[in-house]
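Student: Handing you a structure now.
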Amino acid sequence: QVTLRAGAELDARQVNQYTLILRAACPGEDEVEGQLFVRVTTGQVLRCDTPFASAEGDVVQVLADVAPRTPLYAVLPQPLGGLMVRMGQGFPSPSFLQFRLRNHNTPLTLSRRGLVLAPDNGFDPSKDTQMFRLEIEVMDRHGHNCSGAVRVEVLPSRRPRVTFPEPHQAVTVTEGIGPWEVVTQVHARGDNVRYAILAPVAPTFFTIDEVTGKIRSTRQLEVIRAQLLIRAYNALHPDDHATATVNVTVQGTDRQAPRCVPAIFVSQVPETVSPGSTLVTLRCTDSTSTDGCLDYALEGPPSSRSHFCMEGPQLKVNTTLDYDSEAMAALGFQFTATIVVTVGGQPLQSTRVPVLVTVTPVNEFRPVCPNGATFTVPETAAFGSVVGRVAGTDRDYPPDSLEYSLEGGSGPAQPFSIDRRTGEIRVVGPLDAQQQKSYRLLVQLTDTHNDLDLRKRQSRLCDVSVRLQAVPDQLPVCIPEVQELRITAGSPGSRQPVTRLVCHSSPDSGVLMYTIVGGNEDGRFRLEGNTLVYLPNGRAEPRTFVLLVEVWGGSGAHRRRSSVVALVVHVTPWSTPVPPSTTTQHTTLQKEPLVVTRTEAEWHPPAWFVAVLTVSGALLLATLGCVARNLL
């Protein structure tokens with residue numbers, strides 16, 4: 001039986017045939033010699049790469065504080081003369097491989113995808129370097145397998161342990177301290193430190209802030225002695241903890257707290273105040289009328305303590321107070337803090353001075369014009385149509401609080417207006433692309449609400465271009481333009497339709513309007529839309545009417561165009577032997593043409609007249625309102 005030597009690897013690309021010389025001999029017979037040819041062909045094989053397949057196995061080093069079930073090792077495919085499996089970190093393994101852990105005397109686990117995972121409860125950070133060995137067998141779907149080993153070396157955590165620099169503290173306070181006053185504060189080193197009182201189990205006089213470690217009173221303190229056992233621990237790793245002892249002594253005193261002027265400080269400062277500026281200097285004295293042993297400290301939110309600081313009795317600005325920021329707006333543009341003035345000696349006495357500082361705005365920046373403010377509007381735009389919006393910007397808070405105005409106002413030379421608040425440009429006058437193809441507007445941007453002093457408003461002129469888009473003219477067309485109609489008059493007082501005009505114009509010309517402009521002296525005809533109606537009056541003699549109907553089209557008042565339709569109507573009285581029915585005959589007169597001449601007179605008031613009329617009407621309404629209010 002010929003077998004493959006253990007640890008041997010076949011590679012058909014390097015050696016594809018082996019010649020084995022075999023010698024055999026039986027007792028009493030001559031030795032014979034033969035050859036065995038072993039041909040190596042390429043195919044799907046499974047190999048475990050070194051160092052995973054070595055006797056020592058691959059080595060992985062991790063820290064003891066790694067999170068539970070964190071992937072530490074993985075299998076990755078690498079084709080090399082077939083399918084090779086080697087080990088690496090951070091790579092997913094192929095789904096067609098199966099992984100089995102040969103030894104089970106380890107807290108590490110092996111997933112179905114070949115991931116070596118940290119223990120469910122993590123490693124013990126209190127131990128020194130730990131070593132775990134995993135023997136892993138890999139098998140593919142064809143039954144080929146290979147095996148190897150992984151050694152996981154767990155190094156001590158580099159995370160600092162939770163410790164108390166001062167495990168024993170003694171604090172002495174005076175009686176009369178009110179509820180929720182800070183008695184002392186403990187500090188522990190480490191990451192994600194939290195604090196808790198272990199003893200007494202149900203504290204009666206004191207409580208501790210879980211995050212800051214400040215110990216506060218829960219009621220007004222009397223003369224007592226208390227011992228507190230404080231635990232500090234890592235919030236992410238609760239088994240990493242330390243304890244400290246705090247002895248609190250509350251004793252009576254007849255000393256008085258310092259007296260400070262001012263007792264409350266309220267001030268407004270501009271946002272441009274420079275760092276290092278002094279806001280207030282406290283004048284404090286204690287019962288001994290000396291201020292050399294007074295200590296000044298600033299308490300309050302982190303934002304207040306970062307923007308202000310104490311230098312002796314002086315409250316100073318520490319950093320720039322930027323009014324134009326969302327962070328300042330979130331604070332309501334106000335900072336609150338407390339200056340704690342403590343007198344030395346035993347016991348300590350302190351006075352608290354509340355501080356309220358309001359930051360006021362300063363107009364620092366000019367408005368900025370938009371880029372490429374060019375708009376296009378058709379020349380047929382109606383009164384009040386929106387041309388576009390000028391979107392100016394301003395870096396002062398509140399952002400983009402601007403007012404808009406047109407230089408030169410609105411008029412025939414500038415038939416536009418701008419909304420004071422939104423910056424929308426609208427059409428307020430006639431437009432004609434043949435007379436003027438574009439307009440150059442000067443829009444003034446003026447900032448508002450950016451400074452307490454209204455005289456410090458800033459402005460900027462912006463160029464805005466408005467181009468007119470020409471709209472081709474098209475007259476209304478009626479078919480036919482001349483009609484001859486014959487009707488029999490009905491009874492007096494009735495309403496008798498005669499004909500319906502068929503006219504059309506351009507799609508954007510709007511609704512066509514029809515008007516009788518000639519031949520209807522006695523008012524026997526009227527138009528209902530495009531329908532001509534006859535109103536009988538009981539006259540006995542026949543009569544012929546020549547009516548001129550004007551058809552109007554167009555959407556703008558100065559661009560409206562009209563056509564004229566001629567209607568010749570022969571009316572037969574209703575009392576004649578002719579049956580009382582109405583018959584309409586449509587013929588076209590061809591013998592002699594009918595010439596219609598019409599003169600149109602129009603009056604277009606100038607824009608200033610419209611503006612003066614509007615302002616006068618508004619003032620009249622306001623005056624009437626004031627008079628009515630006074631009378632009521």
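Using N, Cα and C of the backbone, Cβ positions are placed for all residues, glycine too.
Automatic prediction, not curation, is the source of TrEMBL annotations.
Under the heading domain 'Cadherin', TrEMBL lists 193-260, 261-369, 369-478. Annotation comment: TrEMBL describes 607-628 as transmembrane segment.
Looking at the shown structure, can you explain where the listed features end up?
Tutor: Within the model, the domain 'Cadherin' (193-260) shows a mean pLDDT value of 86, rounded to a whole number.
When DSSP labels each residue, the domain 'Cadherin' (261-369) comes out as 11 helix, 51 strand, 47 coil, counted as helix, strand and coil in that order.
With a cut-off of 8 Å between Cβ atoms, the residues of this chain six or more beyond the transmembrane segment (607-628) that come close are 410-412, 415, 428-429.
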Student: Can you break down the domain 'Cadherin' (193-260) into helix, strand and coil residue counts using DSSP?
Tutor: 0 helix, 38 strand, 30 coil
